[in-house]
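Worksheet: the structure to be examined is printed underneath.
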Amino acid sequence: MSFLEKPTPGRLLLDDTVPLTAVIEASQNLQSHTEYIIRVQRGVSSDNNWQVIRRYSDFDVLNNSLMVCGISLPLPPKKLIGNMDREFIAERQRGLQAYLDSITQHPLLCSSLPVKKFLDPNNYSANYTEIALQQVSMFFRSDPTWEVLEPLRDIGWRIRKKYFLIKNKEQPKERYLLSWVDLGPDKFLSDKDLQSTMKLLTGLSTPYLYPLLFSSTSESSALLIRPFSEKGSLRDHICKAKPRETYLKKYCNPKKSQGLELPHIKLYGRQILEALKLLHDGGMFFGHLHASNVIVDDGVCRLMDVENGMLGVPSALRPSFTQLRKINTTESIDVFCFGHLLYEMTYGRPPDNVPIDQYPTVPYTAVVSVLQSILSVEACKSGMPTVSQLIQTPLFNDIQLQHSEKLQIKVPSRLREALKMAKQSVEKRLHEEQRLLHQHRRLTRAQSHHGSEEERKRRKILARKKSRQSAYENEEDISVRNNNNSGSGASSPPTCPSSPTPPSTTEHAPF
């Protein structure tokens, strides 16, 4: 959507974090090539699916666009002679299916624009960079003190968010980061309340929140300006990456990533928890904590993009916490995200899956104890600690903070109430998505059990028993009728149940 464009009434904004699954249903030979018919589904609803048709050359173009990630992807090789042979096409189809599975199940590749555009061209055909440039140009015409130096292409994972390096003509040596972003499906504040919240965040000065210098929101998007950190994010520091490189190159397969030393884990963790507590006490909801949203400045961790919750954009970890029904509040989402971040600070990489009960060897037992309280099977089933409880753990409670005064965000009572109502709407959408996922898992388990070899054998045995019982009862009925007819009213000796009289008709064979 453009910066001043009004959303279509009743239109549900697309959640880009909902996973896509793809199955090659068939192939068809044309004159000189083969087309593969792919059934794509968004989320767990079987009603939300469509078909796309792709040639091998389309897969090859997609693979070339993903090579920057540094991962060897299992694309079947090209073949110039014999590529229309039936057996070859069947084998290639299996290979292309394995390729689709590998990219749709990868946590970063699955959300990349090339993959989305390949599988869902109807929803991802827009040129978001061009749209962003148009809106930024409109803004600069209204405020000529700013000047674009260069676009920072794909430094972040979010498809509908674009970044630019800019400067202020009155301070030509300083560099700033301008970002343009579409509002998301969790935007439940009214336009007026959103503007009030952004004005409040722009005026904040606190040690653990990265400063937001300027913000402008419309009915469909937002434009934000903040200082540019040449050192990059905490994830850049962990991955030893250059901040201006594309996120796929930086984070998909980092060669030199390394966890932090215990003193830094303790200090940064405590500072991040203080920032979360500050937001929660002020009635703000975040949900976007990860290592790329943390800036380390002179030994102080500061959260960035704290406005994301109010702008309604989906969280990077949403596919993970929607699987866990105990994570049902915005506060518990922040704790879950903190667990992910703490794991990455400790081991130099995010966890592959959650829940986790086995942790790599690390000399910091206090860290593992906190990780278990958030990411273990028991924590995900029974509930996890609050931010205040985490601050009181032995890992963090002995950290001496530089500030002595109590930090707080002064939120007007009317705006606090609006934030509360929006927060409830965010949680309601989460609960509904979790309910649908839970129903889908139950149905999948039932279908899997019903189709298992053991269950099929059990049903066959029951069917045989039922058939034999039915045949046995039929034989008894016929025997009784024959005895009654032959006696002409006289009493007949009882038929022994253990030795039934053979029926006069052909006996039913058991199934």
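Here the Cβ of each residue, glycine as well, is placed from N, Cα and C on the backbone.
If you look up TrEMBL, you'll see 457-468 marked as compositional bias 'Basic residues'. Break the compositional bias 'Basic residues' (457-468) down by DSSP state and the numbers are 12 helix, 0 strand, 0 coil.
For 482-493, the entry in TrEMBL reads compositional bias 'Low complexity'.
Look at TrEMBL and you will find 494-503 tagged as compositional bias 'Pro residues'.
For 14-126, the entry in TrEMBL reads domain 'PX'. Taken together, the residues in the domain 'PX' (14-126) have a mean pLDDT of 91 on the 0 to 100 scale.
Annotation comment: TrEMBL describes 149-443 as domain 'Protein kinase'.
The feature region 'Disordered' is assigned by TrEMBL to 440-511.
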For the domain 'PX' (14-126), residues assigned helix / strand / coil by DSSP: 43 helix, 26 strand, 44 coil
